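Copied over from TrEMBL:
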BINDING   G10, P11, D12, G13, A14, G15, K16, S17  ATP binding site
DOMAIN    8-158  domain 'Thymidylate kinase-like'
Amino acid sequence: MTTMFVVIEGPDGAGKSTLVSELAALVSSTSGRTVRATREPSDSPLGAFIRAEHAAFSPRGRALAVAADRANHIDGVIRPSLEAGDVVISDRYVPSSLVLQRLDGLSLEEIWRYNSFAPPPTLTAILVPDPQTVSKRLDARALLTHFEERSTPALQTLLYGEAADFLRALGWNVVAIDVAASSPKEVAQRILAHFA
Ligand SMILES: Nc1ncnc2c1ncn2[C@@H]1O[C@H](COP(=O)(O)OP(=O)(O)O)[C@@H](O)[C@H]1O
Ligand SMILES: Cc1cn([C@H]2C[C@H](O)[C@@H](COP(=O)(O)OP(=O)(O)O)O2)c(=O)[nH]c1=O
């Protein structure tokens, strides 16, 4: 069975988690395969701690904690699911570190040192939203993360572009998907077309 490990990336508020649900339903109904939708930080106790306790970490400490959570996620969820023949779709993966830990002041090279163990997905889709639309969505959120407070959708989009170039140079299959004027269903169909 063809390995299908898809990562959905993009700035906060771009529509990642909405798209993961939409894509999981589409892949399941069109292929009949079992789909494992997952996310990072993972749903493990370490992942929950990283989400809840931002102030517990220095920037380097957070980079390493996120990488440790990623290692557990790969070994405990992603690899076993792929070995069972399931489709895996993850909301965030290594590119999130190449953007968020960079906003925390680390270099791409240092972040990659902590993440080079991570297997490349079959496809990494980076959502490119309209920055103004995303700003309005974030304004409507009651609680913003440290990164949402300290950056803008336009800056995150720029850093995602640099992360994409960095990973492509390492052989990753990365595509940028303009989502400014598309429904989640249309975006899911465009991503699936990459597997046709
Ligand atoms: N393609 C889209 N078109 C219009 N609204 C969208 C689209 N994708 C997501 N949304 C809306 O934008 C908001 C943020 O989406 P979400 O999936 O939570 O983003 P993220 O996971 O990237 O932070 C949600 O209210 C969602 O319903
Ligand atoms: C995946 C990932 C998350 N994080 C941090 C960002 C956030 O502070 C926190 C939670 O991620 P986030 O996806 O923003 O949470 P939610 O799903 O609740 O919107 O983890 C990193 O710093 N680096 C990473 O690579």
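Placed from the backbone N, Cα and C atoms, the Cβ positions cover glycine too.
Note: the ATP site is recorded as G10, P11, D12, G13, A14, G15, K16, S17; in the same chain, L127, P129, V134 also have Cβ atoms within 8 Å of that site's Cβ centroid. By the rule that a residue counts when its Cβ sits under 6 Å from some atom of ligand 1, the binding-site residues P11, A14, K16 yield A14, K16.
In the structure shown, the C-beta of A14 has more C-beta neighbours within 10 angstroms than that of any other entry among the binding-site residues D12, A14, G15, K16. Following the DSSP three-state reduction, the secondary structure of A14 (ATP binding site) is coil. In sequence order, R39, D91 make up the list of same-chain residues 6 or more apart from S17 (ATP binding site) whose Cβ falls under 8 Å from its Cβ. Of the listed binding-site residues G10, P11, G13, the Cβ environment within 10 Å is emptiest of other Cβ atoms at G13.
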